[in-house]
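To start, the structure under review is shown below, and the notes come after it.
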Amino acid sequence: MPWRRLLRRHHRPRSTGRHGYGTYIQSMTVGTCTAVFWSLTMLGLIGIRTLFLQLGGPSWPVPLGQRDSTTASLNAANSDIPTPDYNLDQLIAAFNKHQLSPRDMTALSGAHTIGYSQCLNFRDHIYNGTNIDPVFATLRKRTCPAQAPNGDTNLAPFDVQTALVFDIAYYSNLVTKRGLLNSDQELFNGGSQDALVSQYATNPALFATDFVAAIIKMSNLSPPPGIPTEIRRNCRVVNS
Ligand code: HEM
Ligand SMILES: *[C@@H]1O[C@H](CO)[C@@H](O)[C@H](O)[C@H]1NC(C)=O
């Protein structure tokens, strides 16, 4: 999921420098504040807001005085992270655990209008998936060989139309069965989120409103139980 992913990227920068995208990602993960997954930190918020703005996305006010973890604990956060093989019910349940509604989940997934995924995360979907446009599957297979671990780390854009623009193409891709991850396409697979996906696909203002509402909700979440928290005086350092 996103924040872990962003952090990981900071530690292991990838060669997507052609658009300067890697630079944005790195700038949002400097310091310790981005280490907790479910609680967006101030730095993370500012960073991702800047990123989305640069890429044409909506903006939102950054809340101050957030609760953050006292440790950079990835393990506790990791156990909670949805994986690309999740079906719709599993995705809804995973977000529900954090008081995020199905609507929040569908809106937040729109973050996949920017960025890339490694082949190992979408291989099964493009080779075995049934809810996928065959032309799109063929395109993605070209750089994602069937046999693991061949090409495991090869990248493909989430958004086949506009990889680095924060727009609603993610949703129109889903409507035309061109979701990259299984978990993306699950949002439009004959289930409860189909209607909303169709709305977002044609209504950028609605998507922007819902996305911002959901990301603010997510940013106000407490870190997972068991992780000691504090309200940081300085986002970059644990209080002494
Ligand atoms: C709904 C459940 C979600 C799943 C299963 C999921 C899964 C993934 C996976 C597998 C990747 C690619 C990682 C890689 O191949 O290295 C990814 C990338 C990404 N995710 Fe998610 N994600 C989810 C929700 C979110 C949310 C809620 C956000 C933000 C609000 C988000 C933002 C991103 C971004 C920006 C990237 C691209 C990072 C890059 O290109 O470096 N994702 N996600
Ligand atoms: C397709 O599914 C089969 C059966 O689950 C599995 O053995 C195979 O590895 C999958 N193929 C790919 C490319 O993921």
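Every residue number used here counts from 1 along the chain in the order it is shown.
The backbone N, Cα and C atoms fix where each Cβ goes, and this holds for glycine too.
Record features (TrEMBL):
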{"type": "TRANSMEM", "residues": "21-48", "note": "transmembrane segment"}
{"type": "DOMAIN", "residues": "25-239", "note": "domain 'Plant heme peroxidase family profile'"}
{"type": "BINDING", "residues": "Pro82", "note": "substrate binding site"}
{"type": "BINDING", "residues": "His112", "note": "heme b binding site"}
{"type": "BINDING", "residues": "Thr113, Asp159, Thr162, Asp167", "note": "Ca(2+) binding site"}
{"type": "DISULFID", "residues": "Cys119-Cys144", "note": "disulfide bond"}
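Considering only the recorded positions Pro82, His112, Cys119, Cys144, Asp159 (Ca(2+) binding site) has His112 as its nearest partner by CA-CA distance. DSSP assigns Cys119 (disulfide bond) to a helix. Cβ neighbours of His112 (heme b binding site) (same chain, under 8 Å, six or more residues apart in sequence): Phe158, Asp159, Tyr170, Leu180, Leu181, Asp184. Cα to Cα, Cys119 (disulfide bond) and Pro82 (substrate binding site) are separated by 17 Å. In this structure, Pro82 are the recorded positions from Pro82, Thr113, Cys119, Asp159, Thr162 whose C-beta falls under 6 Å of some atom of ligand 1. Counted over every protein chain shown, other Cβ atoms within 10 Å are most numerous around Asp159 among the binding-site residues Asp159, Asp167. Reduced to three states, the DSSP call for Asp159 (Ca(2+) binding site) is coil.
Put simply, Cys144 (disulfide bond) is 26 Å from Asp167 (Ca(2+) binding site) when counted between their Cα atoms. In this structure, Thr162 is the one among the binding-site residues Thr113, Thr162 with the smallest number of other Cβ atoms inside 10 Å of its Cβ. Minimal Cβ crowding within 10 Å, among the disulfide-bonded residues Cys119, Cys144, is found at Cys119. The predicted model assigns the domain 'Plant heme peroxidase family profile' (25-239) a mean pLDDT of 75. Calculated from their C-alpha atoms, the gap between the residue listed as 'substrate binding site' and Thr113 (Ca(2+) binding site) amounts to 18 Å.
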